[in-house]
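As recorded in TrEMBL, the features of this protein are as follows:
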type	residues	note
SIGNAL	1-25	signal peptide
DOMAIN	32-119	domain 'Cytochrome c'
BINDING	C52, C55, H56, M96	heme c 1 binding site
DOMAIN	135-223	domain 'Cytochrome c'
BINDING	C154, C157, H158, M200	heme c 2 binding site
Amino acid sequence: MRSYFALCAGAAAVTFALVSQGVAAADADSVPPSSLGATIATQGTAKGIPACASCHGAHGEGQPASGFPRLAGLGEAYFTAQLAAFADGSRPSPVMQPFAKMMSSGERAAVAEYFSSLPPPDGIRNSDTADPLTSDLGAWLATRGRWQQGLPACVQCHGSGGAGVGSVFPPLAGQPASYIEAQLHAWKDGKRAPGPMALMPTVAGKLSDADIDAVAAYYAEQAPASNASK
Ligand code: HEC
Ligand code: HEC
């Protein structure tokens, strides 16, 4: 076999590879990636990977009763990274590791593209892809942040409702809007000490004047809650 390959040029080797890998590999060559993704999802591959749908649901909706996660609507980059992590063992899973190892990078990209294009179940959407209404800007920044810009939501540190967390993260709820605005501008301008890990100068540096007005107005309207210290 070795001398056969040595004698024949690349074309013969490619043909052999396609034949030995069967239908799925041949498909990889002849159909667009989205169809390859759909084929693997619904039929599996000739190498013996079962249809993803058999565990993850016909529409990638998952099977909560069995603990199989939803795949529909996962971000493509996240999806590909998980398959790579299963394949290299850095994300251990006795079920997914062997499947991920058996997939070529083209096959992984194809299923990632396919599942990320499927609509998530009703009532669930990825908030990062939606644009905030201008009237919602303050609530949006407070509860979701702006990840495109690496800006976490205020609630992630200041707690639900801006109630404050422990002794390090002060409450925002019920502070005067003018006070909140002044503090944020002070950090932007380097006029307030940076505080723990310089978290607030980083946050404030990503806020425009309009953002500051909106988020300050939002927290000024929240009823002060008792400190949720742990
Ligand atoms: C035999 C059942 C089974 C099959 C078939 C299967 N999976 Fe999975 N899959 C699982 C389980 C179980 C997990 C959860 C692994 C864990 O606990 O980390 C998972 C997790 C995943 C995840 C991670 C999801 C997340 O939110 O991080 C991805 C991506 C994935 N599977 C893709 C696929 C693809 C693509 C296929 C088809 C090629 C497939 N799976 C086939 C059982 C299966
Ligand atoms: C990564 C964590 C983190 C995030 C996210 C965060 N903060 Fe802070 N914030 C802090 C810390 C820590 C302090 C205390 C700073 C100090 O000790 O000087 C603080 C303090 C503040 C203060 C001063 C409160 C006071 O009583 O003087 C304001 C105002 C504030 N943050 C507003 C916000 C707003 C608005 C957001 C969202 C746009 C936000 N923060 C997001 C960590 C965070």
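Placement of Cβ uses the backbone N, Cα and C atoms for every residue, glycine included.
Structure with TrEMBL features highlighted.
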residue : record                : Cβ within 10 Å
C52     : heme c 1 binding site : 21
C55     : heme c 1 binding site : 17
H56     : heme c 1 binding site : 20
M96     : heme c 1 binding site : 17
C154    : heme c 2 binding site : 21
C157    : heme c 2 binding site : 18
H158    : heme c 2 binding site : 20
M200    : heme c 2 binding site : 19
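For C157 (heme c 2 binding site) paired with H56 (heme c 1 binding site), the C-alpha to C-alpha distance reads 34 Å. For ligand 1, the binding-site residues lying close by, meaning a CB under 6 A from one of its atoms, are C52; the full candidate list was C52, C154, H158, M200. Broken down with DSSP, the domain 'Cytochrome c' (135-223) shows 54 helix, 4 strand, 31 coil. The heme c 2 site is defined by C154, C157, H158, M200, and by the 8 Å test on Cβ atoms against their centroid, the other residues of the chain that qualify are V155, Q156, F169, L172, L199, V203. Checking the binding-site residues C52, H56, M96, C154, C157, M200 against ligand 2, the ones whose Cβ sits under 6 Å from it are C154, C157, M200. Taking the C-alpha atom of H158 (heme c 2 binding site) as reference, the shortest distance to any of the binding-site residues C52, C55, H56 belongs to H56. Here nothing among the binding-site residues C52, C55, H56, M96 falls inside 10 Å of the CA of C154 (heme c 2 binding site). Counting residues of the domain 'Cytochrome c' (32-119) by DSSP class, helix then strand then coil, yields 51 helix, 2 strand, 35 coil. Comparing C52 (heme c 1 binding site) with M200 (heme c 2 binding site), their Cα atoms are 44 Å apart once rounded. Across the structure, M96 (heme c 1 binding site) and M200 (heme c 2 binding site) place their CA atoms 40 angstrom apart.
Spacing of M200 (heme c 2 binding site) relative to H56 (heme c 1 binding site) is 41 Å (Cα to Cα, whole number).
The residues near the heme c 1 site, meaning same-chain residues not in C52, C55, H56, M96 whose C-beta sits within 8 angstroms of the mean position of the site's C-beta atoms, are A53, S54, F68, L71, V95, F99, in sequence order.
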